[in-house]
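J.: Here's the feature list from TrEMBL:
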- Lys26, Thr185, Asp186, Thr227, Gly228, Gly229, Met230, Ala231, Thr232, Lys233: ATP binding site (BINDING)
- Ser66, Asp153, Asn165: substrate binding site (BINDING)
- 293-376: domain 'PUA' (DOMAIN)
Amino acid sequence: MADSKKSNAQQQDVAAGAATHTIVVKLGTSVLTGGTLKLDRAHMVELVRQCAMLRSQGHKIIIVTSGAIAAGREHLGYPELPKTMASKQLLAAVGQGRLIQEWETLFGIYGINIGQMLLTRADLNDRERYLNARDMLVALLDNGIVPVVNENDAVATTEIKVGDNDNLSALVGILGGADKLLLMTDQAGLFTADPRSNPDAELIHEVHTIDDKLRKLAGGTVGGLGTGGMATKLQAAEVACRAGIEVIIAAGRRVDVIIDLAAGKAVGTRFLPLESPLEGRKQWILAGPPPAGDIVIDDGAVTAVQQKGSSLLAKGITQVKGTFERGEVVRIFDSKNVLLARGISRYSSADMVKIAGKHSHDIHQVLGYEYGHAAIHRDDMVVI
Ligand SMILES: Nc1ncnc2c1ncn2[C@@H]1O[C@H](COP(=O)(O)OP(=O)(O)OP(=O)(O)O)[C@@H](O)[C@H]1O
């Protein structure tokens, strides 16, 4: 984290020679249940002990917890329910309260207060709500409270869901200005193949670049959205690393895993963060809103955007897909349908259709007004 983002207490610790960090600990269901049908309280005690120790060393901890559905099922005595979204939401509604109560009791043993934060993607969609969520998270941290975050499953519908706690934890890491994101799971890390079905698979210790080869071995659809497993962990790692956050996938049941990772020991799979992370507004473009539409550009524009870091001019636009307003985030593709960038559009899709292929000088004549020469300004664009 940049020093300017650290609290006074953290800056004093750093001055005293002890580097303190903001660490997001994402706990998967498998870690919290040990593969059983109920929460493994003995192990939750152990996880809290480790977090409390880090706190006493001056680190700030954010928990992203799964397990609400497991807790709900256990509390209701394992009811037979139809396999519907409503049943899941029912279990999450019952279980979230139980889950937060467990965390409260356990952190209470160490005199640590927790604060519940239930998020959906809608909370991050527009920049103002995103900044509000960020202020709340930072306020909790600055007041010595451990934020305990989960997706608001009881209300979240598919459109407004982040969808999985791996991606949610990356967004939370960005909101909280985290230094490290620990994705705790039931495997020792990312392997060369799924270790459940490939006993010869080998642990990958360090990842410098997340490419299609890596995505394939994690079981994700290349370029698309995988569900669960390692695919979502890779998506999360990609987003977090771009924001300058170090990401580690490791076994949540390994003895002292959280303490060792905070101390920088080589455990699990480590993803190296970008050395010059994106600045705040660009982090939001990358992580916040879902794209409202797509723009396809020609080869000349690809070179300008990708290699020269130029703004995207209307002249290079060949196709406009979807309906979006001025100020919404869109994806930019090349003619072979490869995703190149995300950016905030200066023009609505209706305007964009009219000015596509036109010279910037002609925009005013075509529309009767103009919002500048660039269709998407370089400051509003993240090249992928
Ligand atoms: N290349 C791979 N390396 C390691 N694990 C893999 C790989 N490909 C697929 N997997 C699977 O991913 C699983 C871990 O992801 P999963 O989403 O189940 O866990 P979690 O994140 O701990 O839990 P939750 O999704 O409930 O939060 C492993 O149990 C493993 O079977």
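Cβ atoms are placed via backbone N, Cα and C, with glycine included.
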J.: Quick one: which of these binding-site residues, Lys26, Asp186, Thr232, have their CA within 10 A of Asn165 (substrate binding site)?
T.: Lys26, Thr232
J.: Any idea what the Cα distance is from Asp186 (ATP binding site) over to Ser66 (substrate binding site), rounded to a whole Å?
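T.: So the alpha carbons of Asp186 (ATP binding site) and Ser66 (substrate binding site) sit roughly 13 Å from each other.
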J.: Could you give the mean pLDDT over the domain 'PUA' (293-376), rounded to a whole number?
T.: 94
J.: Which residues does Asp153 (substrate binding site) neighbour through Cβ under 8 Å, counting only same-chain ones at least six apart?
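T.: Spatial neighbours, sequence-distant, of Asp153 (substrate binding site): Ala68, Ile69, Lys88, Gln89, Ala92, Ala93, Gln96.
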J.: Between Met230 (ATP binding site) and Ser66 (substrate binding site), find the distance joining the two CA atoms and give it rounded to the nearest Å.
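T.: Met230 (ATP binding site) and Ser66 (substrate binding site) have their Cα atoms 16 Å apart.
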J.: In the structure shown, which of the binding-site residues Ser66, Asp186, Met230, Thr232 has the fewest Cβ neighbours within 10 Å?
T.: Asp186
J.: Report, as a single number, how many Cβ atoms besides its own are within 10 Å of the Cβ of Lys26 (ATP binding site).
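T.: The answer is 29.
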J.: Quick test of your reading of the structure: among the binding-site residues Asp153, Asn165, Met230, whose CB sits under 6 A from ligand 1?
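T.: The qualifying binding-site residues are Asn165, Met230.
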J.: Could you count the residues of the domain 'PUA' (293-376) that DSSP puts in helix, in strand and in coil?
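T.: DSSP classes over the domain 'PUA' (293-376) add up to 26 helix, 26 strand, 32 coil.
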J.: Across the listed substrate-binding residues, Ser66, Asp153, Asn165, what is the farthest Cα to Cα distance, given in whole Å?
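T.: Largest pairwise Cα separation, rounded: 11 Å.
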J.: Where does Ser66 (substrate binding site) sit in DSSP terms: helix, strand, or coil?
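T.: It is coil.
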